Amino acid sequence: MVHITLPGLLLCLCLYLSVAPANPLNAHARVSDTTAFPLPNEGHVVAHDPSIVRHHEHFYLFKGGIHIPVFRASNLSGPWERLGTVLNGPSLVQKQNQRRPWAPMVTQWKNRFYCFYSISQNGKRNSAIGVASSDSVEPGGWTDHGPLINTGHGPGSGVYPFNVSNAIDPAFFADPITGQPYLQYGSYWKGIFQVPLAEDLLSVENATHPNTDHLVFLPKKKPKPNEGVFMSYRAPYYYAWFSHGQCCHFKTQGFPKEGNEYSIRVGRSTSVHGPFVDRDNKDLLNGGGSVVYGSNHGKVYAPGGLGVLPGANGEPDVLYYHYHNASIGFAQGDARLGWNYLDYVDGWPVPRAPSNPGNSLQPPSSVSLQIVAFLCLVILFTL
């Protein structure tokens, strides 16, 4: 007869806790166990809607949050040092949530840095995209110029496309062929748009009647969860990237049906103006978009809020994004930075598996728990 002792039970419990997830997977979250997508390289930093620029052998990460936090690292996998914030106080945009801008996008243009950011509320079109600029990418020298575009209310909000869209999730792109700068933006409602910017990036070119490109739309579906646009170029194609699905608020709004959470999608075109089509030649204005990266391995959930860093020093392009680690949690503050190098197959971007397994997120495994069960049996029979 086996005599189960209290010390034996306590030791078994300690062994179990040492390998069990810190925050067990919520029973309502359906995290795909597909291996069709590679695991991410871990960024080792909490970040929702990250924007990353490379400058002087360092990476600078900007994320949504109070006054737009700024981090610096010499490697995309960290360690990241928090430097401060872009803004010194509330945004000059006169709308709610002035202290906590969303989804910043930072770029360098003609020896000056620009930070485009969103001011909005969940589920509202009364939004604005603001812009700040600085001679330095680091905190301390940024000047807030206030709103660039308004939707819902405010100057210019009655002009197309601002009268049908939602001014959040800004992205900047300079056409490498013509040099023309563009702003891409949009979320839900009528989808994602592109407008040309003036040379100083502080206003829309021909603001009362901008030369508008409609890039992404879901014409027959409600809701219309396309947002988080990013434009990149690799000759001969322009790539319109976006996030599709429910991004967040899983604790308050619940988990969507599997496959309806965030995923990263793309279309391509030989013109910056489009039309953009996916692998099946479906127009992004008709609900198209090839899935480049989605939930995977029972561990990675709802990747999105993406950007693409052009390759440097012979390295490939980098796809970076935020995602939720199912072993950690699904709150807004649990979103983490992930990244993968990109290969291009027949002109389509494909994320590359991490080359350093020690830096990648590891899928859940039952092996550790099986070992614990065996050790517990040994302990119970010997104590």
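Cβ atoms are placed via backbone N, Cα and C, with glycine included.
As annotated by Swiss-Prot, signal peptide applies to 1-22, with the evidence given as sequence analysis. Swiss-Prot lists D49 with the feature active site, proton acceptor. Here Swiss-Prot flags N75, N163, N206, N325 as N-linked glycosylation site. Annotated active site, proton donor per Swiss-Prot: E227, in sequence order, evidence recorded as similarity to another entry.
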By Cα-Cα distance, the member of recorded positions D49, N163, N206, E227, N325 nearest N75 (N-linked glycosylation site):
D49
Check the glycosylation sites N75, N163, N206, N325 for other C-beta atoms within 10 angstroms of each C-beta and report the one with the most.
N325
Of the recorded positions listed as D49, N163, E227, N325, the one whose CA lies nearest the CA of N206 (N-linked glycosylation site):
N163
Minimum Cα separation from N325 (N-linked glycosylation site), reported as the residue among recorded positions D49, N163, E227 that achieves it:
D49
Spatial neighbours, same chain, of the residue listed as 'active site, proton acceptor' - Cβ under 8 Å, 6+ residues apart:
K63, G64, W102, A103, P104, D169, G228, G305, H322
